[in-house]
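The block underneath contains the structure these notes are about, expressed in structure tokens.
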Amino acid sequence: MKVSVLITLAVLGVMFVWASAAELEERGSDQRDSPAWLKSMERIFQSEERECRKMFGGCSVDSDCCAHLGCKPTLKYCAWDLTFP
């Protein structure tokens, strides 16, 4: 009886170590791939956005404001231009 319990515990321990190693290997490959993916996504988003130079006032044209903001000519501030991404 004691021998079968010890064998069962040993088998469970080996299975735990094997499953943990497989999970670490899988997670490691995700971490190796993710920096390249993040850099490519960063380039995509940077190419679509314009710089925010006059967000809180002092704008003269729409290009001074952030994306989806337009320059209001009366008070010279940036406000939503009613567009969606």
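From the backbone N, Cα and C atoms, a Cβ is placed for every residue, glycine too.
Database features, via Swiss-Prot:
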- C52-C66: disulfide bond (DISULFID)
- C59-C71: disulfide bond (DISULFID)
- C65-C78: disulfide bond (DISULFID)
- 1-21: signal peptide (SIGNAL)
Looking only at C-alpha atoms, tell me how far C71 (disulfide bond) is from C78 (disulfide bond), rounded to the nearest Å.
5
Could you check the disulfide-bonded residues C59, C66, C71, C78 and say which one's CB has the fewest neighbouring CB atoms inside 10 Å?
C66
What whole-number Å value do you get for the CA-CA distance of C78 (disulfide bond) and C59 (disulfide bond)?
7
Including all protein chains shown, what's the count of other C-beta atoms within 10 A of the C-beta of C65 (disulfide bond)?
23
Provide, as an integer number of angstrom, the distance between the C-alpha atoms of C59 (disulfide bond) and C65 (disulfide bond).
7
